């Protein structure tokens, strides 16, 4: 076990993490030059396009060090985005060390810090690396100072490298061997392995990526998942050298994959512990307790997804089921809306996660979707003392029954160059943020705010990027539920409530948002043969109204001169017809109208 090193790479988006992983794989001969391609570990199209890593991937590499020994290096590539922080913490807990990659021209950014703290909390050894040293504007001294200031680890011996040109790769590998500890664990005890990630393969079922902590798992043994208590036989196991390579057994300290022909991903939960089913003469028996750190992930953001054609509901359900195979943190349940028909209420980890799920549904499964405005989970205390959780505005009880509503509050860390502090603070205050702290680290400023999650969900991230010209970065973590004066604003069209357009907002903004949504609807809904009234209401109080004028035919065109009563008769007849139409007519709300709410400015 002394010759094994498990490490991962922590970096902010675009700091060159995946490119560095490519270079390390190339240097260790994991793939021949013919098979090498850019960002080898980011296998989904969407990962490539957005330049982000979503699922954790691994590579088991052989490296011959300068001391002549051959070491087994297991590189575990982690996602960098705050939405996937649970996957990051699983990947990191499977490692003993991490390379902290910082772009020498940009310095430390928010997600680097968040993930680095996770690593330090888990007791992982962090080795700083300064990437992109080949750029003319690289400033290594400033980057080192920021690492020491912001993260508080010693950066004197940070390794300069350039993943693009391949400079400094050997130094990094030597540092991995010299500075990171070998894995701990009992190679002869009852086997325990942690599931770092799992995904669904069309041919073999669920593939589990595991880090074996104690003991040995062999082909053909029956294993038990400790969180779900289900038992499966091992059909194949092996390692990825990015390509998959079958082995007979995985030993303590190794990272590899196990395939058991499992049909549904729910059985293999990320973070769960795998052990043997029962004691047999030739094995060490099942483990007594699971590895620490497993938790069920709770979605933070909810939105409705509906097919554009009612007939495609079944396809959407299939698509969601398949996507869920690869994404255990996605939750969904069927719901019916009067306006949109049958669809699903989906729960996501955060906004990026939501966008990615939508995009994968559209791209990989060819679905046309309508998405309702994202909302968060509110705790509602009723007059009787019961507390219910409401994640869908249309499920909010009537005003008279509610004692208080509590909304989720998050702590937000914002990092930006000091030139942008003013605009960012203005934005945070508009979003009901309460400033907790402000710290200067060299040229960077870190602001800490408490904010309602509901305010972040809509468009905070986009606005933050625009007021700071893309320089600010953020991450957030859930803090608590806190009582707040929020109300549900209903949108009525000709007196009928359209449930998919309901929004929950703070009372101070309710008038403004109600007016803005009504105005938006007026632009989107086509003119009918009769007047259409669009109203925004809180309970029974109407707070805003817009009218769409009727289309009318000029019934007087054929009258020349003559008596006024003749004209009046024709106008009255038209009016009576319009009134009759209005009683039986229903207004079609077009798809665009539902999307338009998402773009309502504050």
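Each Cβ is built from the backbone N, Cα and C atoms, and glycine gets one as well.
The annotation domain 'tr-type G' is assigned in Swiss-Prot to 2-184. Summarising the annotation, Swiss-Prot assigns GTP binding site to 14, 15, 16, 17, 18, 19, 131, 132, 133, 134.
Features per Swiss-Prot, on structure.
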residue : record           : Cβ neighbours (10 Å)
16      : GTP binding site : 23
18      : GTP binding site : 24
131     : GTP binding site : 30
133     : GTP binding site : 21
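Taken residue by residue with DSSP, residue 18 (GTP binding site) is part of a helix. Look at residue 131 (GTP binding site): DSSP puts it in a strand. Per-residue pLDDT, averaged over the domain 'tr-type G' (2-184), rounds to 74.
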